[in-house]
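Data first, discussion second: the structure below is written as structure tokens.
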Amino acid sequence: MSPLNMTTNNNVMDMFEKGNILKICAPMVRYSKLAFRSLVRKYDCDICFTPMIVAPDFLRSVKARDSEFTTNKADRPLIVQFAASDAQTLADAACVVAPFSDGVDLNCGCPQRWAMSEGYGACLINKPELVKDMVRHVRNQVDNPNYTTSIKIRIHKELRRTVDMCQKAEAAGVSWITVHGRTAEERHQPVHFDAIKTIKDSLSVPVIANGDIKSLQDVETTHQLTGVDGVMAARGLLANPAMFAGYNETPLECVWDWVDLATDQGTPFTCFHQHLIYMLERVCSQPERKVFNSLHSTAAVIDYLHSTQETRSFRMTQEKVTAKGNVQRLSPKLLFILLLGLSAAEPYHSRCRCNGLR
């Protein structure tokens, strides 16, 4: 964690008052780290979350603090998500990160067994009084009136229990609530948008919808179905970090930006490579993905570039890109991306301005 105090006058709540549908990058273990947050911010992402950080470990270990929380002055607005099971631990962790961020979020939605067995994540939706106490502790102990305290939840089968929990959190001073529209037992089942709407209609604080946001059109559809103040995406952004800017597939510029950002920030190759695997999955053939996914180093990526030049039609790719006016002179790294079979994608919003999406 940087030793520099990066306190700013950011007030995240002002963003809700502007009436826009806020677009938010979800907390993703291993993936929503600084380099990726920097990438999605370039493509119309309004707010980013850190990966979930286990609060007791964070407080106990300097190593954990240095490895789990990295940021810079451009990394704002930033919400730090913690897993915690008692109010004072959450408040202590919030006080540590408050000078470097704009808010903290309590994870009340992680359904993984290890988390729930430790008293973290989705088990907290069954402890509304504890959640209320945790929210109140953070609000009382962080010395910054603009600093937000939010929670991210899943829903109960009995929705009345979810509404009751959210209303208790609201009474304690929660800034906003993100609702993943599935129960703790559900994984890939359809999102319960009706449940999100009911929760939204029951509260005065902003509500964010989470679940199955895979395109800018999904953002608008979710807003229309639920009336929420914003949406949060996870897997959709992994597959296409430029999604919020209206692209249906990862555009060339975005992949190129990732190469630059990951290289500049020293992203480990495993993470660097895995993000590219996600980005290229929709646009590459199965044989191409098989070869690319098996690479084990940055050098191997470059080697793959050279070997592919001999078997793919560079002239067609160059003509296609130049005709779109995107590239006049191709760098080796960008050529690598082109040779993987990518094509420049038109933003969704360029076709939908009449619908008020941009």
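Glycine is treated like the rest: Cβ placed from N, Cα and C.
Just so you know, the Cβ of Cys110 (active site, proton donor) picks up 23 other Cβ atoms within 10 Å once every protein chain is counted. The active site, proton donor feature in TrEMBL is assigned to Cys110.
Packing around Gln81 (FMN binding site) is summarised by its Cβ count: 25 other Cβ atoms lie within 10 angstroms of its Cβ, all protein chains included. Among the features that TrEMBL reports, FMN binding site is placed at Pro27, Met28, Val29, Gln81, His180, Ala234, Arg235.
Marked as domain 'DUS-like FMN-binding' by TrEMBL: 25-327.
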Alpha-carbon distance [His180 (FMN binding site); Cys110 (active site, proton donor)] in Å: 10
Local confidence of the domain 'DUS-like FMN-binding' (25-327) - pLDDT mean: 90
Residues Pro27, Met28, Val29, Gln81, His180, Ala234, Arg235 binding FMN per the record - widest CA separation, whole Å: 18
